[in-house]
Amino acid sequence: MDGSFVQHSVRVLQELNKQREKGQYCDATLDVGGLVFKAHWSVLACCSHFFQSLYGDGSGGSVVLPAGFAEIFGLLLDFFYTGHLALTSGNRDQVLLAARELRVPEAVELCQSFKPKTSVGQAAGGQSGLGPPASQNVNSHVKEPAGLEEEEVSRTLGLVPRDQEPRGSHSPQRPQLHSPAQSEGPSSLCGKLKQALKPCPLEDKKPEDCKVPPRPLEAEGAQLQGGSNEWEVVVQVEDDGDGDYMSEPEAVLTRRKSNVIRKPCAAEPALSAGSLAAEPAENRKGTAVPVECPTCHKKFLSKYYLKVHNRKHTGEKPFECPKCGKCYFRKENLLEHEARNCMNRSEQVFTCSVCQETFRRRMELRVHMVSHTGEMPYKCSSCSQQFMQKKDLQSHMIKLHGAPKPHACPTCAKCFLSRTELQLHEAFKHRGEKLFVCEECGHRASSRNGLQMHIKAKHRNERPHVCEFCSHAFTQKANLNMHLRTHTGEKPFQCHLCGKTFRTQASLDKHNRTHTGERPFSCEFCEQRFTEKGPLLRHVASRHQEGRPHFCQICGKTFKAVEQLRVHVRRHKGVRKFECTECGYKFTRQAHLRRHMEIHDRVENYNPRQRKLRNLIIEDEKMVVVALQPPAELEVGSAEVIVESLAQGGLASQLPGQRLCAEESFTGPGVLEPSLIITAAVPEDCDT
């Protein structure tokens with residue numbers, strides 16, 4: 001190999017090591033007992049088979065390693081970048097365990113070749129000091145340790161010859177089972193190592209002969225102790241994932257983890273002396289069942305990650321950055337945030353290339369650049385509107401130009417703007433799940449935003465957004481903006497088929513069903529279908545439910561539908577929010593107002609006090625109505641009296657007959673001119 005190429009590779013590794021120390025271009029975050037290490041995935045994958053298998057799906061992220069590796073993981077990371085491994089007699093066992101767990105064969109070979117520096121008397125002695133203690137020999141590898149001195153360990157792996165062995169060493173021999181007294185010699189010692197590392201038969205396995213470390217399913221995950229080799233790997237995503245949530249697509253990754261941690265039936269070195277022996281027996285036998293979330297039924301590898309996952313249902317974010325105040329569900333996310341040095345990012349400024357003006361946010365710079373270019377980056381292809389962000393253009397195309405929403409529900413074909421909205425829709429509408437639970441009252445919400453609105457409105461009584469027209473308060477500004485449209489008359493949602501506009505997207509969706517003929521809400525008792533859910537509920541309550549389950553607590557009146565009860569309660573409260581624009585009369589229901597407006601369409605100058613006469617049609621101002629009174633009480637004025645229509649009721653059918661008096665003269669003092677009068681005989685028992 002050419003020497004210049006070797007120097008080039010060394011220089012590249014040196015530059016990568018410098019980048020690692022500065023935290024530049026590092027796409028891997030390693031959390032080891034609270035210590036965060038930055039590294040390059042490519043270097044980790046080249047040096048460790050474990051990291052290579054973990055990155056096999058091509059997704060980076062954060063890896064959480066056990067706290068017991070915190071003291072020696074920096075040595076292994078330095079070995080990845082420099083080839084130097086600083087071993088001592090105190091850290092050799094821990095480095096060997098970590099190298100085996102992470103599957104770093106070169107580091108394992110160096111640890112096996114390492115031998116602490118001993119005195120001449122001990123080197124030539126017989127049974128007094130040959131080799132390390134038996135507890136360490138049992139944990140050694142099959143290969144016999146070579147005579148590598150302590151001060152010679154900090155060298156590159158390429159300079160360590162494989163054929164160098166101490167002068168007194170021999171090839172490993174099969175141990176003599178009938179002579180246990182000869183176990184002090186080097187060859188018999190290596191034979192014991194081989195015998196200890198031979199796989200145990202299934203029928204001969206005993207806890208004292210073959211100690212198998214527990215699988216990671218038993219790991220509590222909260223704080224891993226130094227004496228346990230249980231550990232878990234968590235690939236962290238942007239939105240504070242659920243940690244060790246076990247789903248079907250992750251089965252391959254789970255198998256990889258189990259293959260990494262499962263070891264042959266042999267006694268492995270512990271992170272601290274006697275830790276494996278002190279381990280509870282119930283943790284050494286069998287495999288624990290994954291814990292399940294009682295709310296959404298997701299399964300997790302440990303109780304710790306279930307506890308973290310429950311914070312998503314409650315909205316709790318206990319880990320707050322002391323510098324910028326940002327909160328996180330998990331401590332690992334906070335550590336990663338702090339490793340990125342949030343204050344330096346907040347102090348970053350963006351400079352305009354034209355006028356050199358500086359801005360604290362990139363979005364402010366984009367808005368400023370419009371003053372120079374006169375154009376926004378995103379333009380609508382159907383109209384002349386422009387937008388600063390792509391999502392605003394997408395929302396504009398959907399609302400005004402009828403563009404389809406990108407994420408469709410496979411069950412009901414309803415579409416959504418984001419994948420998160422689709423997932424919440426599937427969980428709430430099709431699976432009946434309300435994943436977010438209020439800790440104070442147990443109220444369940446289908447979204448985190450809905451839970452926060454509930455807490456603000458019910459428990460904190462926070463309504464900071466007040467309408468400037470009617471002083472009505474809201475918990476969210478979006479609700480206030482929607483309410484303001486009732487005052488301003490704004491209707492931003494337009495039907496792309498007929499051009500009709502609406503205040504809300506929900507109203508537009510209901511209107512679109514008039515074009516498509518869609519009736520998605522079907523009755524489970526009959527074949528009738530509805531365009532909205534409200535009419536379906538009223539139909540079921542009135543047609544298919546027996547009794548009147550909803551009753552008023554004020555007067556005790558019962559109703560079939562809860563909506564009828566709500567309207568009735570408004571009467572007790574004096575609420576009549578549907579007002580007639582012609583006469584000012586108010587109603588409790590909009591249907592009553594629509595029926596009332598029909599009177600104004602056929603009768604002019606309608607007075608609400610004349611509601612009892614609404615069945616009579618008056619055609620002329622000179623006309624007056626003659627009520628059905630006894631003839632003795634009938635008063636006639638100086639105008640023509642024409643009764644066009646009598647009130648429809650039981651009285652009209654009881655009239656015996658009518659008498660028409662035409663061109664007759666009246667001498668009464670109250671009659672000034674001849675009139676045409678229609679009279680009727682009224683029974684005496686009528687008290688109308």
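Heads up, the Cβ atoms here are built off N, Cα and C, so glycines get one too.
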Query raised in the report: Given that Swiss-Prot lists Cys552, Cys555, His596 as binding Zn(2+) 5, which residue among His539, His568 does it place in the same site?
Result: His568
Query raised in the report: Can you check which of 194-216, 240-262, 493-515 Swiss-Prot lists as zinc finger?
Result: 493-515
Query - Feature zinc finger in Swiss-Prot, mapped to one of the ranges 114-137, 138-161, 378-401 - result: 378-401
Report summary line: Expected hit for zinc finger in Swiss-Prot across 4-27, 436-459, 652-675 is 436-459
Report summary line: When Swiss-Prot is consulted, the range among 47-70, 263-286, 407-430 described as zinc finger turns out to be 407-430
Query raised in the report: Swiss-Prot annotates one residue of Ser169, Ser183 as phosphoserine; which residue is it?
Result: Ser169
**Report entry** Pairwise CA distance, His309 (Zn(2+) 1 binding site) versus His337 (Zn(2+) 2 binding site), rounded so that it is a whole Å
**Finding:** 19
Query raised in the report: At the Cα level, what's the spacing in Å between His568 (Zn(2+) 5 binding site) and Cys580 (Zn(2+) 6 binding site), rounded?
Result: 20
Query raised in the report: Which site among Cys355, Cys583 has the most other CB atoms no more than 10 Å from its CB, taking these as binding-site residues?
Result: Cys583
**Report entry** Whole-number Å value for how far His372 (Zn(2+) 3 binding site) lies from His337 (Zn(2+) 2 binding site) (Cα to Cα)
**Finding:** 35
Requested in this report: Starting from the Cβ of His337 (Zn(2+) 2 binding site), draw a 10 Å sphere and report how many other Cβ atoms land inside it.
Outcome: 18
Query - Using Cα positions only, nearest of the binding-site residues to Cys352 (Zn(2+) 3 binding site) (Cys293, Cys321, Cys555, His600) - result: Cys321
Report summary line: Here the binding-site residues are Cys293, Cys296, His313, Cys552, and the Cα closest to that of Cys355 (Zn(2+) 3 binding site) is found at His313
